[in-house]
Protein chains: 2
Amino acid sequence: MKSEILAALRSADGYVSGQELCEKFGVSRTAVWKAINQLKQAGYEIEAVQNKGYHIVSSPDILSKTELESNRKTAWVGEEIYYFDSTDSTNTRAKRLAEDGSVHGTLVVADEQTGGRGRRGRAWESQKGVSIYMSLVLKPEIDPNNASMLTLITAMAVAGGIEKTTGLECKIKWPNDIVVHGKKVCGILTEMSTQMDYINYIVIGIGINVQNESFPEEIREVATSLRIESGKKQKRAAIIEAVWEEFEKYYDIYLKTEDMQGLVGEYDQKLANMNKQVRVLDPKDPYEGTARGITPKGELIVDTWEARKLVSSGEVSVRGLYGYV
Amino acid sequence: MKSEILAALRSADGYVSGQELCEKFGVSRTAVWKAINQLKQAGYEIEAVQNKGYHIVSSPDILSKTELESNRKTAWVGEEIYYFDSTDSTNTRAKRLAEDGSVHGTLVVADEQTGGRGRRGRAWESQKGVSIYMSLVLKPEIDPNNASMLTLITAMAVAGGIEKTTGLECKIKWPNDIVVHGKKVCGILTEMSTQMDYINYIVIGIGINVQNESFPEEIREVATSLRIESGKKQKRAAIIEAVWEEFEKYYDIYLKTEDMQGLVGEYDQKLANMNKQVRVLDPKDPYEGTARGITPKGELIVDTWEARKLVSSGEVSVRGLYGYV
């Protein structure tokens with residue numbers, strides 16, 4: 001009920017009377033009073049004025065199930081939310097939940113990861129209280145061959161969600177990083193379990209640097225946070241909500257054709273690599289060229305001096321030739 | 001040590017003296033005596049003759065870690081073996097082991113499954129003591145797009161392994177069933193976890209009907225067991241070993257080109273559907289035609305009255321037009 005009361009206080013114009021809350025949720029005044037007190041203890045500043053009612057003055061940047069649920073406006077993402085103060089890795093959690101029958105749209109959020117992972121099993125730095133670590137469970141009836149494009153969809157959603165909440169301009173470093181002012185603020189790790197021709201489930205993991213005030217020397221040139229770039233603290237729950245609202249929008253367009261057909265133009269506008277020199281780290285034959293956007297199948301178009309090449313997110317990394325992007 | 005003693009007794013021509021066993025394994029006579037007694041208790045008939053030594057008269061059809069290890073001659077399959085008298089599903093077990101870091105070649109075998117699964121989550125009947133339920137963990141560095149052919153490789157290995165141990169002629173019903181005399185004796189369920197472009201692991205599950213003496217009315221027309229078809233009891237551990245020896249052989253050939261190029265001829269010889277009428281259950285547009293073998297990419301070639309079609313194991317089932325195959 002805390003989530004509902006919080007949502008009611010947030011959406012109210014001025015004060016909400018205790019009586020109103022009692023009637024709305026069919027509970028006693030004592031129950032309302034208890035819930036309000038718990039919210040105060042969790043860090044929400046709630047004013048109570050006699051004969052007027054309750055009024056929310058400010059909410060801190062906290063993550064909790066209550067906070068996430070009270071912010072939720074999405075249609076199906078987050079219908080089930082699992083929140084952890086600390087977990088090994090939200091992707092690992094989400095995979096286990098998916099194996100055990102959790103539904104399409106299940107969302108896992110953690111305030112800290114003790115075993116965060118990036119691509120190819122690389123470690124992902126996961127401090128407590130400063131970043132967003134979250135994973136979404138999908139169980140779509142699509143061709144497994146089309147699933148890798150969901151990483152691109154997610155990148156668009158993260159870029160859009162951050163822009164909407166912080167006003168920062170976000171670009172996508174194909175295929176799975178989000179950059180602000182040329183530095184990385186977010187990585188995406190999409191994992192999939194299939195019966196070869198049939199998808200058991202997909203898990204999309206997102207890590208976003210939010211409140212970090214600085215980064216270790218060795219990554220300072222390439223990594224940044226939303227706080228550093230915007231110069232102020234941000235609210236993670238609001239960003240999370242905005243990301244998934246964007247995601248639902250792009251996902252619907254993707255599902256129509258199971259590819260990027262309806263999204264190429266918008267994607268290319270967000271593409272950090274656009275018209276930039278890139279180095280394609282093909283293990284057999286690395287080469288350089290100019291990135292020219294994506295194809296409807298989500299491949300990166302790279303013009304080399306001799307030919308146009310299409311890079312699928314396969315066994316290949318793409319690096320900026322001058323700097324991170 | 002029981003596995004090693006069992007293997008030594010099996011490979012010996014006549015009697016093996018206790019002294020020999022002591023020296024070979026660097027243990028005391030009491031330790032050898034204890035191990036022999038445990039083997040007897042497990043059902044092995046071992047004769048002990050004074051001044052001659054030990055001699056194995058017969059071994060029952062039992063599954064145990066000892067039995068599996070003592071039979072093992074493969075190079076890397078089964079380097080780690082997990083045996084369960086009963087488990088939910090060997091694929092589920094194998095997936096969990098793979099997630100937790102188990103190595104390429106880890107083998108899971110169970111005498112009973114309480115939640116056996118077939119394709120698309122269908123239940124798989126899994127009685128105790130009569131069948132083979134096993135799953136192999138692979139962590140290969142191959143293109144995820146080429147992984148579905150591992151089902152075909154496994155089908156060849158199962159067919160070959162059963163033929164070698166029982167003498168029964170085995171055919172493959174593309175893509176993942178093995179048939180004897182036109183009835184199903186084995187199903188294969190291949191599952192994969194990827195990071196889209198990178199394989200975390202593959203799990204190949206195999207279920208083989210071995211000792212079943214009869215089947216329920218509703219599947220009697222399509223299902224059979226090795227015992228029914230050969231008219232005698234079979235040893236599951238021997239079949240398991242033979243299957244994986246065959247698997248290693250075919251897997252090596254597959255790895256060279258990451259496809260079926262070097263195996264098409266042999267596969268087609270084993271193909272139960274070869275030159276038969278099949279119905280391709282394409283959800284959008286089902287059609288009928290004559291199966292003509294597989295392509296180097298593992299697709300089934302089907303000639304319809306108007307065109308040659310290539311069926312990938314995608315969203316498609318293939319049914320025999322006259323009977324199960």
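Glycine is no exception: its Cβ is also placed from the backbone N, Cα and C atoms.
Any TrEMBL annotation is an automated prediction that lacks curation.
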Candidate ranges B:18-37, B:38-57, B:118-137, B:178-197 [criterion: TrEMBL lists as DNA-binding region]: B:18-37
Within-chain partners of the DNA-binding region (B:18-37) [C-beta distance under 8 Å, separation at least 6 from its ends]: 1-2, 4-5, 8, 46, 48, 53-54
Set of same-chain residues at least 6 away whose C-beta sits under 8 angstroms from B:Lys184 (biotin binding site): B:Lys173, B:Asp177, B:Ile178, B:Asn209, B:Val222, B:Ala223, B:Thr224, B:Tyr324
Which of B:Ser89, B:Asn91, all binding-site residues, has a Cβ with the fewest other Cβ atoms inside 10 Å: B:Ser89
List of the binding-site residues B:Gln113, B:Arg117, B:Arg119 facing chain A, defined by a Cβ pair under 8 Å: B:Arg119
Residues near B:Arg117 (biotin binding site) in space but at least six apart in sequence (CB under 8 A): B:Ser89, B:Asn91, B:Thr92, B:Ala123, B:Trp124, B:Leu189, B:Gly205
Model confidence over the domain 'BPL/LPL catalytic' (B:65-255), averaged pLDDT: 93
B:Lys184 (biotin binding site) - helix vs strand vs coil (DSSP): strand
